[in-house]
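What TrEMBL records for this protein:
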type: ACT_SITE; residues: 115; note: active site
type: ACT_SITE; residues: 316; note: active site
type: DOMAIN; residues: 97-431; note: domain 'Peptidase A1'
type: SIGNAL; residues: 1-21; note: signal peptide
């Protein structure tokens, strides 16, 4: 079949608030909220590509997941509610969400990718080779300051390149989802909604090779020393959450909430695990999968958390569709096909597509975590072709490589859920929330 799917998976953080009857995209006067909107919604600042519908981008976007998963495999006192708007990042052709941030003094607006599996922040700086037209200008900021190899932050960055003797600029090289970049570690003020974090350390990118590096930079929400949580000190008490709307959501609606205030009072939680060899990643104890009423059978070793091999399951904001190691995915796929019946075809990353008239036969998929069962609505487990004639199971096998031991719960399966990360009490919460 020649039906096509597309993925609209980036959420941009847009400086828009709850709106009003006159202007549904209007902002609150105090800029107190950070809302999540699809990148091509009516309130988004980005222009959509020339495609027929939102879903015609899904196959293309999901095709980039293997690079993302391989990248993940290599990673060894708030008084008021602080929330930042997020929007879909499709404009940057990557499966992330982006947050509207202001960097420097006066603030320079950048739409930075929100990444729960990376620590460092980095942005393209003026004069950057291979970067987009939107860059940060250090010369235009009165609060900008360079960092040299003598500062503690320099020793915390990956890919460090410092002279053996003496001092010099804190330079580093990194890879990101199959691309690479070089940067210099610097400091400046970072503003998210009404919050200002002074002396924020980030990479000032001077050269990019490849198309996967976020066009306007990245804000790391991992657990390491250079992440937003670490650099904000006690401001957010190691707590944040987000709610991602459906990719088809027309208006802004989701949000990134920083700090314990304003988080759901009643939320189911599962333990947050820590891998000392991959400290940035949010591991959880994923115990099984049910298709309909059937608990899918496979060796438990494929889900077991092992800090030495990196195996286990993480929750990630940057992967598009959930990826299971091959034996697990194959077992889930076969049980799903058995219950639906009929014939199946493939479209891009999706190998279990069926005629939409069979959709009423599609069983729900339930993800089992320690202390928490998450029954996915059909909108989180099925994706439809743009022609509307096919529905596909929106999951796939992890890429086959030397370190294919990681299961990834991705952003398509997180839509219309409030995902809470508490790094102090070591727990992850999941609650239903209509973000659309």
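Every residue, even glycine, has its Cβ placed from backbone N, Cα and C.
Predicted automatically and left uncurated, TrEMBL annotations should be read as such.
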Residue among active-site residues 115, 316 with least C-beta crowding, 10 angstrom cut-off: 316
Confidence summary (mean pLDDT) of the domain 'Peptidase A1' (97-431): 91
Residue pair residue 316 (active site), residue 115 (active site) - Cα distance, angstrom, rounded: 8
